[in-house]
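To keep things clear, I will list the structure first and then write my remarks on it.
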């Protein structure tokens, strides 16, 4: 571990945690994890390929979906090295600066995903509230501007996280609660005062995830108000049906995120297994389920995927 200064100590490595009680059989756990990573990466790649190669899917709704798929892939790739290292190779050590780098990318991609989900809620609002001006309001430059704004906001907000952690002194106990580096988890290992880190972490959550979730709720209140104003029941159902995939995605992203944040702040006496379960749900739910949800629920994507698969089969004949 190296010499420990009585006033300041920064560990060269931290220890990741697998699933409590199942440390002896990591190879069996690694199989479903590998399958989930494969589904997440392959599924999102297919979504991106289909949207890029199908001209009828170059609408704002699908451009936002491609942004979502890109962030899901980034989130999966950020955690893949340590997760597979722990469960496949039973190697739990991670270098301190590598941990901070991974933490930065995980939180950055999570913030970007939150912003893109907000943009997708705005997309659904415009499509239902003012369908005749849909393509006029959501032009390509505006869509790209929203994507760039989401990325810039995420980077600017997350850059201070590793910097603030670098100034702290850490204790001898360097065991993390998860198989990847998560800011509240790393912060709990510090021995020095963490008031600034706590305040900034809370402000960050409120300014990104909190603001995004509030505006998503407002968007759906306005959408519901518009839908209720549609005369025919069939028209109401068709309008709501276009939002189902997005609503499901919002739920599977925010629910594990909120529960995980509450566990780290208030769950001192909760089971370690609950920590790990919620951390893995936050890690895998959205990247794995988003491609499946949009492929199964969106007729245009489903048709485009079938066309690509048919063309592929014809080439192989």
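Just so it is clear, glycine is given a Cβ too, placed from its N, Cα and C backbone atoms.
Just so you know, TrEMBL annotations never went through curation; they're auto-generated.
Some features that TrEMBL has for this protein:
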| type | residues | note |
| --- | --- | --- |
| DOMAIN | 43-294 | domain 'G-protein coupled receptors family 1 profile' |
| TRANSMEM | 27-50 | transmembrane segment |
| TRANSMEM | 62-84 | transmembrane segment |
| TRANSMEM | 104-122 | transmembrane segment |
| TRANSMEM | 143-165 | transmembrane segment |
| TRANSMEM | 198-223 | transmembrane segment |
| TRANSMEM | 244-267 | transmembrane segment |
| TRANSMEM | 273-293 | transmembrane segment |
Of 27-50, 62-84, 104-122, 143-165, 244-267, whichever stretch has the most CB pairs under 8 A to the transmembrane segment (273-293): 244-267
Mean predicted confidence [pLDDT] for the domain 'G-protein coupled receptors family 1 profile' (43-294): 88
